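What TrEMBL records for this protein:
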TRANSMEM  C:12-31  transmembrane segment
TRANSMEM  C:63-84  transmembrane segment
TRANSMEM  C:96-114  transmembrane segment
TRANSMEM  C:143-169  transmembrane segment
TRANSMEM  C:189-208  transmembrane segment
TRANSMEM  C:214-235  transmembrane segment
TRANSMEM  C:242-263  transmembrane segment
TRANSMEM  C:275-294  transmembrane segment
Amino acid sequence: MSEPLLNIVGVSRHFGGVHALSDVTLDVVAGEVHALIGPNGAGKTTLIHQISGAQMPDAGRIEFSGADITRLSMHARVAAGVARSWQITNIFGRLSALDNVALAVQGRQRDWGSSFRFWAPVDAEQPIIDEAAAWLAEVGLAGRESTLAGSLAHGEQRQLELALALATKPQLLLLDEPMAGMGPEESERVVELIEHLGRRVSILLVEHDMDAVFRLADRISVLVSGRLVFTGIPDEVRAHPEVRRAYLGDVDA
Amino acid sequence: MGGALYRQSAQRRWAALALLAGLTVLPLLLQAVGHEFYVSFVSRLLIFALAATSLNFVVGFGGMIAFGHAAFFGAGAYTVAILMENGISSALVAWPLAIAVAALLALGIGLVSLRTRGVYFIMITLAFAQMIYYLFISLKAWGGDDGLSLASRSTLGSLPLSNDAVFYWVVLACLAATLLLLDRITHARFGRVLQAIRENESRMEALGYPVHSYKLLCFVIGGALAGLAGALIANHGQLASPSLLQWTQSGTLLVMVIVGGVGALYGGVVGAATLLLLEEVLSHFTHHWHAALGLALLFVVFRAPHGIAPWFHRRFSRSKKNEAPRE
Amino acid sequence: MTQLILEQALNGLQFGLMLFLLAAGLTLVFGIMDMINLAHGSLYMVGAYLAAAAVAASGSFVVGVLLAVAGTAVLGALLEMTVLRRLYTRDHLSQVLATFALILIANEAVRMVWGDQPALLNPPDALSGPVELGGFSYPAFRLLIIAVGTVVALLLYWVVACTRVGMWVRAGASNREMTEALGINVKRLFTLVFAAGAGLCALAGAMLGPLLAVQVGMGESILILAFVVIVIGGIGSIRGALVGSLLVGVVDTLGRALLPWLLRSFLPGEVAANLGPALAAILIYLLMAAVLFWRPAGLFPARG
């Protein structure tokens, strides 16, 4: 395989006496969908926090595109090409859906320049607005542009959340349970979207829906109690006895 | 964007222009009816409107409840007075310097204060303002408790600022320019980012925005504009008084903002006008007008909780509530 | 020199203990109700005025102070039940506005009742002189303040740390919903806490009255100090309030006494004379800024 895009080396993180992550080493190569599974409380979201910069690890190193980003602030990581979605919907409830995404588009300084602009009205920046509308259409929210994000249905808010992350045009997308709380139809749409994206963007996917995971993932890593138990292709993971015992057994039961 | 209050319909723009025209001819009208005294009063009102507007930008638009705005107001006033003491009376030098000093002060205070949030932010901005206050009253060189008086008003080209009407027009121009600037800022990229930060700070950070820098700059702009207001108030009464720096001054400005409408473009103006007019009227009727003012403020808290400007806005505009303004 | 330092340290302790009486109520109201009460200083002022009136009327300092404490506590309870209760659910800005209005009203009310002139509040005759304290003399009344302050502080600490009511209060400060879920009458608890806080304010006002002037506006200057104390200590924490009070009391008093002298030892006289008082005046604010810089939620954060 090609050179890893994301390289996590020996990352640990504890809260008080609780070891949320212990010596986790993991990589995501360019173009791959890498699923992260594990029982509740295994540390999956904590790992996402370390990569996105919401938290800093106590030990270990995180490299992205060959550069050390371990101590970088969250916004700097986004600028470098790492975007994330949240397990609990995190959007601008009192802005319209279009304005939500327009903010994400406008934030790409490399494309649009600085947002420290004080005079020209933002409403006149048609290219930004057009691109934002295109992202909404891509995640299936065409026609909902002027609806306040807070009054979208739950599934639609999840789609908007995805659009926000995508509109930053990341190289690596960290998706924390993107299908949480969605109906089967909406889930199917998101699965298709990720399948479609998988060719352009690398994805680290945390998900509980095993059907979706086995369908989407190129590789799967299993996290149990903050430790990485196993990494392999889906068939290996399915067959791995320890994984079955530690995790899949719970799900099948 | 969600900030419907900042959106100017054509109708509102005309209203603003009409108001500006009315305020421009006001001194002539007052002279015609022999009440020139009120020109000075309205000047003071407009200066406080400017100060409150600058605070409203920080509080209402930046989402930072700053309880130390008097520091920048006072710093602007003292800068003009100290320069005057040292023989620099040109407004073109002194006023920009007053703005710069206030901005620098805001930069320093903001850098430290923005590490904290919520109540702690309120309190640390208050603490810094108190520092500035005590610093000024204990330095005898700068007048101590008595403040620094100005030998004359600043000089501005050939404009006779000592004439109350001329000074009034200069003040009005400063206020109008400030309102225009803030209106543009709030509709520009910077304003859109600020508004979104107020809505959801962590999400903005995750969209790649250096949130801290945006908030700091907002704080600095607010401080700088308060510095301009300070330069004007020092000229108005020809005195840089320590009372400008007192925490009750910060409180009064905050009260003006809340009364007028937090986050409304004209909130600071409406609040300052309401408070100062109320003060003026009540003090004619009763010696104990402070108590009456207090009761009026309690009334606002419990009856018009979003301030007066939004109340007007709701009464006189047909904006739809549940739809975002931009289609 | 040691004598001066010792005397100033005692003054600092005395001032710190009085600050604690103010800060204790403030930090609990702040911590439990998440409410900014700018009018806390007004209760201190009203307490001092009531004490002056009651001492003058009864001729006894003790009776006067007790009456003032009781009267202010009742006033505090009434204020809580009529106005403040309706502010708990409002945002901080509304609380600032409403309690700022209360300050205006309280100041004017005091002016209407007692006039513009400062009220006279003398220490009891028996304590007006100095006492010998191992080599130097110290005002007896200040010793009384230290004694009263220590006893009340210990009592308060015991109530909050060891009694059932104190447990509710602490629980309320860290998690209000849970406290309510335990079936505690939070409404009555709040009124009680507020009345107690008002009573403590009055006690501080009455004890400090003979030292500082009893006048309109006395509440505002000390209110800011009380805020500094509770922010340094961590909002909602009684222990923090105690540590913060003593820290602020001692640093402020010692700073004012010693800083000009210290500066003079290595700066030219004129500069030191100018800078000394200025630096001393801002010392506690520097302290607070420093604490918040390194511990953004104070020394003893009450909430996680």
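Cβ coordinates are placed from backbone N, Cα and C, and glycine is handled just like the others.
Curation plays no part in TrEMBL annotations; they are all automatic predictions.
On a predicted model such as this, the values are computed, not experimentally measured, just so you know.
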I'm a bit unsure how to read this: which one of C:143-169, C:189-208, C:214-235 has the highest number of Cβ pairs shorter than 8 Å with the transmembrane segment (C:96-114)? C:214-235
Is it the case that the transmembrane segment (C:275-294) and the transmembrane segment (C:189-208) have 3 or more CB pairs under 8 Å, with pairs at least 6 apart in sequence? no
Other same-chain positions with a Cβ less than 8 Å from the transmembrane segment (C:242-263) and lying at least 6 residues past its termini are 4-5, 8-9, 11-20, 23-24, 153, 157, 225, 228-233, 271-273, 275-277, 279-281, 283-284, 287, 298-300
Answer with yes or no whether the transmembrane segment (C:63-84) touches the transmembrane segment (C:143-169) by the criterion of at least three Cβ pairs under 8 A, sequence separation 6 or more. no
In the same chain, who gets a Cβ under 8 Å from the transmembrane segment (C:63-84) while lying at least 6 residues past its ends? 35, 37, 39, 43, 46-48, 50-57, 98-99, 102, 190-191, 194-199, 201-203, 205-207
Same-chain residues near the transmembrane segment (C:189-208), Cβ under 8 Å, at least 6 residues beyond its ends: 18-19, 21-22, 24-26, 28-29, 32-33, 40, 43-51, 64-65, 68-77, 79-81, 84-85, 88, 121, 144-145, 148-149, 152, 156, 165, 168-169, 172, 214, 218
